[in-house]
Amino acid sequence: MKLLLLALPMLVLLPQVIPAYSGEKKCWNRSGHCRKQCKDGEAVKDTCKNLRACCVPSNEDHRQVPTTSPTPLSDSTPGSIDDILTVRFTTDYFEVSSKKDMVEESEAGWGTQTSLPDVHHSS
């Protein structure tokens with residue numbers, strides 16, 4: 001049991017001490033490593049995640065090969081005519097007025113010439 005308790009911290013600290021065990025990510029077409037700082041004889045070619053630099057050995061000419069090729073369009077035949085659709089937007093609007101506005105208009109002479117009937121309230 002004591003041996004297990006001693007081995008566990010060693011396995012946890014081992015990746016931080018030995019770079020080969022740290023699981024550094026490969027970058028730049030698998031020819032470089034993501035590190036905080038590049039070693040002597042390495043050049044920074046790109047940036048990796050977590051603000052790390054992609055360190056590539058500087059004595060070789062490394063060119064990154066694109067991993068994907070352009071995808072051709074399925075309907076890209078020469079001479080095809082594209083349909084153009086024009087949509088015109090129309091706005092429908094309504095005027096809202098109250099009875100008070102109608103009374104004021106009729107008094108000003110702009111509305112109809114009929115007067116409103118008198119209303120008598122009985123109690």
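Glycine is treated like the rest: Cβ placed from N, Cα and C.
Here C27 is paired by Swiss-Prot through a disulfide bond, and of C38, C54 its partner is C54.
Disulfide connectivity taken from Swiss-Prot links C34 to one of C38, C48, namely C48. Once Cβ contacts within 10 Å are tallied over all protein chains shown, the disulfide-bonded residues C38, C54 are led by C54. C34 (disulfide bond) has a Cβ environment of 18 other Cβ atoms inside 10 Å.
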